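Below: one structure, written as structure tokens.
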Amino acid sequence: MIFDLRGKAFASRTSPECLAATTGPKDKESEAFKAMGKAMTHNIWYHGLMPRDEVEDLLRRDGDFVVRKTEFLGKPKFTLSVSNKQRIRHILFKCENNKWFFRDIKRSTPSELIEAHLMMRAPVQSDGTILERGIPRPEFYILHEHIEIIKKLGGGAFGEVYTGTWKKKDGTVEVAVKTLKGIMHKKQRAEFMKEAKLMKRFDHKNIVRLYGVAPQEEPIMIILEYAAGGSLKSHLQKDKSVTTDRLIKYVIDAARGMCYLSGRQVIHRDIAARNCLLGKADELKIADFGLSVADISLVKQNKLKSMPVRWLSPETLRKGEFSKKTDVWSFGVLTWEIFMRCASDPFPHLTTAEAKAKILSGKQPMDPPSGTPPKIATAMSICFTQDPEERPDFEALFRVLAPNEQPPPPMDMWDTYVA
């Protein structure tokens, strides 16, 4: 890769006008820079805060290009990413005396500079790299101006979740909007976008659906299906009239959703009632893929400090391992939560250290709550099989829970994922 860093050499000669548009207080974009980025959203080739590796997947032919926003030396910058001779160049826009340029051609705005290079076929680098085709934003990119935030639902370490509306060409859709909190750095933005990239693979009634992302400006947003029934945990805590049959349905819904994910080589890593939502037909939907990984059979994590110990498998606590089989263990804990009606966290009378010791004891870590039907109790029990090799996978578990229903087919039987 070649990254043109010559913008640094021009810093001392940058005019006040350009300085206002490209810099600002530490960790904060200037209003001029924000306005310029917003103006560029009407160009299909402007991808906003799209991570570098995502962009490189789009540029396949010589002359393919996009413009995106990045950070350089702690400041927001516009970058041209262009393919030439099977290599991707990432070239910083330079600004001097209120004119934007790469080499000799200068224009008043970044958009005008790109249009000039396209019309004149003028190289943007001395090696002859030219611009041929602006690559449009993916279809699942949504403009901020098409999203209206209505009400805050909750928040976490990295952002907040709101209800809102998405204005489409054919009408308005009620949505949930997950925002990235404040001005985040490259790594945090990449993690946020990674969650969206994973979720766009999914299309299943028991998985929260991703409509799109809005990465062109801050705050970056993930636009999700609105789950009208709200949080499963809150619902079970508040509504004491939920029947046993309804609890069974929630468990089967969750198993169906996890069977679907498992068939797509996804490890969720955070299966719990707090990460399940309810749709308008009271169907359970698996949500929150912030810790999830795909296309890998085993993940090792040395530090478990921030992980929810009470939901973790023995092999995770011993060796930091996560797999589809550790998701099965966590599903057993979710089943316990559902039939406890989320009255408490798992191991309610134990400290975290005592709960960990119980999980590692080699014995059944918890008994089914009083009133749990035999079929559900059996499924919960086999989830807690100590040896992950002997522990059932989600397909086998689903057949126990719903013997008269076919489990969701694995990915290679009906679709293929292309990054």
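From the backbone N, Cα and C atoms, a Cβ is placed for every residue, glycine too.
Per TrEMBL, the features are:
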- Lys178: ATP binding site (BINDING)
- 45-117: domain 'SH2' (DOMAIN)
- 147-418: domain 'Protein kinase' (DOMAIN)
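DSSP classifies the residue listed as 'ATP binding site' as strand under the three-state reduction.
For Lys178 (ATP binding site), the number of other Cβ atoms no farther than 10 Å from its own Cβ, over all displayed protein chains, is 28. Remark: secondary structure over the domain 'SH2' (45-117) totals 13 helix, 34 strand, 26 coil, with classes taken from DSSP.
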